[in-house]
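Quick look at what TrEMBL lists:
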- GLU64: substrate binding site (BINDING)
- ARG139, LEU140, GLY141, MET142, GLY143, GLY144, GLY145, TYR146, TYR147: ATP binding site (BINDING)
Amino acid sequence: MPKLTDFLPDPFGKDIYRLNAKKAREDAHLRRPHAARQAATHFIASVPFANRKCIAVYYPAGTELHTWPLVEELQTEGKTVCLPVVANTNKPLIFRAYTPEMPLEKGPYGIMAPAATAPVCHPDLLIVPLLAFRRDGGRLGMGGGYYDRTLQQLRRERNVLAVGYAYADQEMEKFPVDRHDQPLDWIVTEREAIKVR
Ligand SMILES: Nc1nc2c(c(=O)[nH]1)N(C=O)[C@@H](CNc1ccc(C(=O)N[C@@H](CCC(=O)O)C(=O)O)cc1)CN2
Ligand SMILES: Nc1ncnc2c1ncn2[C@@H]1O[C@H](COP(=O)(O)OP(=O)(O)OP(=O)(O)O)[C@@H](O)[C@H]1O
């Protein structure tokens, strides 16, 4: 049965959910030191990535689940790994190749990104950072709309797989999902790999 609150406008929008999600992620970051390796293992075992050539990861910021154990595995598998670059505010992200010897520089929001000398890549699978996820593929991000714009653009062009990557405790039962929010295809945590659709 739908609840009355399902039809009422949410007075706080997404911000109150972002606050709660940040706290949950901070706690998980402290309590789960092995999570990044465990999540990488679930990704390799469950997500169908064999036919994907170029995989976008993120450079972990703050208390985000680290991606380095996964990057090592992907590079061992012969995949091209790339990182997001904020080229323009309020525009889709672009991606540049990442190898261990490649220079990184501090980009907007203080996040490290490949320098302009690194080749531009067109990922066919994206590891997506998030503050909170829902089991139905809903994603709450930092609020810039970067991944929504990027996935909308990439999905128009070709088949891409969006894989949310997070601590299991970042799961939330509900938060507002807008029409422009791009759903996740898979969610990988230290506990499991969830196929959404
Ligand atoms: N690791 C990582 N890389 C990423 C993202 C991300 O979420 N994580 N992005 C995903 O879109 C893009 C950058 N987008 C961002 C958008 C907004 C803020 C932001 O509002 N930062 C606040 C601090 C937030 C906080 O910790 O309270 C700030 O800089 O004031 C940060 C990144 C591309 N690269
Ligand atoms: N495809 C799109 N085209 C234009 N604007 C968009 C698009 N997607 C999102 N936006 C705008 O971006 C802003 C932030 O969106 P939202 O709060 O959903 O971000 P988010 O998914 O949490 O952030 P991020 O993807 O950067 O982690 C909103 O003002 C929204 O209108």
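First residue shown is number 1, and so on along the chain.
Glycine too: its Cβ is placed from the backbone N, Cα and C atoms.
Feature map: annotations from TrEMBL on the structure.
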{"residue": "GLU64", "record": "substrate binding site", "Cβ contacts under 8 Å, 6 or more apart": "ARG25, TYR58, PRO129"}
{"residue": "ARG139", "record": "ATP binding site", "Cβ contacts under 8 Å, 6 or more apart": "VAL128, LEU130, ALA132, PHE133, TYR147, GLY164, ASP181, GLN182, PRO183, LEU184"}
{"residue": "GLY141", "record": "ATP binding site", "Cβ contacts under 8 Å, 6 or more apart": "PRO129, LEU130, LEU131, TYR147, ASP148"}
{"residue": "GLY143", "record": "ATP binding site", "Cβ contacts under 8 Å, 6 or more apart": "LYS14, ASP15, ARG18"}
{"residue": "GLY145", "record": "ATP binding site", "Cβ contacts under 8 Å, 6 or more apart": "ASN90, HIS180"}
Residues among the binding-site residues ARG139, GLY145, TYR147 that border ligand 1 - Cβ under 6 angstroms, in sequence order: TYR147
Other C-beta atoms that fall within 10 angstroms of the C-beta of TYR147 (ATP binding site): 25
